[in-house]
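Peer 1: Structure in structure tokens, see below.
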Ligand SMILES: NC(=O)C1=CN([C@@H]2O[C@H](COP(=O)(O)OP(=O)(O)OC[C@H]3O[C@@H](n4cnc5c(N)ncnc54)[C@H](O)[C@@H]3O)[C@@H](O)[C@H]2O)C=CC1
Ligand SMILES: O=C(O)[C@H]1O[C@H](OP(=O)(O)OP(=O)(O)OC[C@H]2O[C@@H](n3ccc(=O)[nH]c3=O)[C@H](O)[C@@H]2O)[C@H](O)[C@@H](O)[C@@H]1O
């Protein structure tokens, strides 16, 4: 029988979601033992590092939460089987990237890690268990998980819940502490209802009851993909208008402000940029597109696919503007990037626009110099290598890079050195510290004309132009 109250949780996957989510559950529920397990030993060691600055993920406020709960009721381990055995409720929080091979290549979610988790759970299970999908999954995945669990282990009962995560990186702890809502999808039979009650009971320790929404499993799974598709669609919509603003002399920030004051539209998520990045928007939309095609809805698929195409176009437009403005050639010129992460306050670079812009400039043999306060140089080289291997993910990055591309890419630990003697500067991430750069001194040490391309619209255009720079911002004619 599935219990309706629990005191032990195991989470498989200690990544950007599993780590912060479980840390907050442990912080808010001292009566529940929370163990986060992962196959990646290095990651687990980092979660256990005594120096909290060495946690594998940078998130404002995360250190304090981990400091409060770790060793009390929060544990990180590579003992996956033991973790599963000891827990009444098991979260699956593993990665679900876009498939890079076989059927659905480039579109469908790769569920091999999720399937492996289901098998691991079935093999280790020693009692009835609640299994919670925390990973973002295609609608009806719960059905496959249940089939695997029941086929591998007919002795015990399993209740599958869908509990998608809506946190955004950079604000994960705040989002978890003050969630807009927590969505729990479950089955209508007695086991399903008990499982829902048990999970509601966990979150009710800090989230107001009226924000705990319960639905069917399928609605919950689909709500997650839909939420990301709607959010990304807003960014692509305003970015499409930014292109028109640049042609017509309108200002995209004024347009966004004006439309955002309509309460039916709302002001959030209307910031025009060099394009959205992050591990999920593109992957989840492509997954939605794949599902629509699978269910015989090509028109719906095309509608959503356009959101990704517009995003590819926005990144390309930015790179092309740099090349065009620098007299149609960037070969041998120093282009300095401020920022590499896909947004501020995270060290995550997955699908960051910076990668695609750098790639296009490297195709043109520019000398790309990068400064990011939180991203390691190793990661930046890995990002470009990965795109080189999987260049089909953008129509504008198909050409292989010159053989010596590693010599054209330079990473700096300080912004001053990165910017010195540049032909142009490009702002790729909106880190707050970039607003305090001494632009007078940067200007004095640059080739002229000195160009700045502000891909995040964070710089004071008037002030920058007064110094002598030629500044190009997104969506400003
Ligand atoms: N990153 C984000 O902000 C958000 C991500 N999501 C979703 O959450 C899921 C996880 O995303 P992230 O945490 O970003 O991924 P991640 O890649 O940071 O972490 C996943 C972890 O799972 C581990 N793992 C994979 N298979 C395993 C197995 N069989 N046993 C043990 N460990 C295993 C990996 O080693 C890795 O450390 C994805 O489905 C994603 O779409 C949802 C909301 C927000
Ligand atoms: O499923 C996920 O992974 C998560 O994806 C996004 O969160 P995240 O990608 O971490 O960050 P966002 O703040 O949504 O930003 C995504 C990208 O869009 C860009 N963006 C965002 C907002 C905006 O107005 N303009 C804009 O260009 C950001 O710079 C960033 O590159 C969603 O906001 C989360 O709700 C969701 O849980």
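Every residue number used here counts from 1 along the chain in the order it is shown.
Even glycines carry a Cβ here, placed using N, Cα and C.
Sequence annotations record features per position, and here TrEMBL assigns active site, nucleophile to 280. The NAD(+) binding site feature in TrEMBL is assigned to 13-18, 38, 43, 94-98, 135-136, 169, 280-283, 350. Here TrEMBL flags 165-169, 224-228, 264, 271-277, 342-343, 456 as substrate binding site. What TrEMBL records for 336-461 is domain 'UDP-glucose/GDP-mannose dehydrogenase C-terminal'.
Please situate the listed features within the shown structure.
Peer 2: A coil conformation is recorded for residue 280 (active site, nucleophile) in the three-state DSSP classification, outside any helix or strand. There are 25 other CB atoms within 10 A of the CB of residue 280 (active site, nucleophile), with all protein chains counted.
Long-range C-beta contacts of residue 95 (NAD(+) binding site), restricted to its own chain and to partners at least six residues apart, with a cutoff below 8 Å, comprise 13, 15, 113, 135, 279.
All protein chains shown were included, and the count of other CB atoms within 10 Å of the CB of residue 168 (substrate binding site) stands at 15.
Computed over the domain 'UDP-glucose/GDP-mannose dehydrogenase C-terminal' (336-461), the whole-number mean pLDDT of the model equals 95.
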Peer 1: Near ligand 2, which of the binding-site residues 38, 95, 168 have CB less than 6 Å from any of its atoms?
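Peer 2: The qualifying binding-site residues are 168.
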Peer 1: Checking the binding-site residues 165, 225, 228: which ones have Cβ within under 6 Å of ligand 1?
Peer 2: 165
Peer 1: Name the residue among the binding-site residues 13, 275 whose Cβ has the smallest number of other Cβ atoms within 10 Å.
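Peer 2: Checked 13, 275; of these binding-site residues, fewest Cβ neighbours within 10 Å: 13.
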Peer 1: Which of 98, 228, 272, 282 (the binding-site residues) has the most other Cβ atoms within 10 Å?
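Peer 2: Counting every other Cβ within 10 Å of each candidate, the maximum falls on 272.
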Peer 1: Identify, in sequence order, the residues in the chain of residue 38 (NAD(+) binding site) that are 6 or more apart from it along the sequence and have a CB within less than 8 Å of its CB; answer 'none' if there are none.
Peer 2: 12, 13, 14, 15, 18, 44, 76, 78, 80
Peer 1: Over the span of the domain 'UDP-glucose/GDP-mannose dehydrogenase C-terminal' (336-461), count residues by DSSP class, listing helix, strand and coil in order.
Peer 2: 48 helix, 20 strand, 58 coil
Peer 1: If I restrict to non-local contacts, at least six residues apart, and a C-beta distance under 8 angstroms, what lies near residue 342 (substrate binding site) in its own chain?
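Peer 2: For residue 342 (substrate binding site), the qualifying residues are 169, 276, 277, 278, 348, 349, 350, 351, 352, 353, 354, 429.
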Peer 1: Provide, as an integer number of angstrom, the distance between the C-alpha atoms of residue 225 (substrate binding site) and residue 282 (NAD(+) binding site).
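Peer 2: About 11 Å separates the two Cα atoms.
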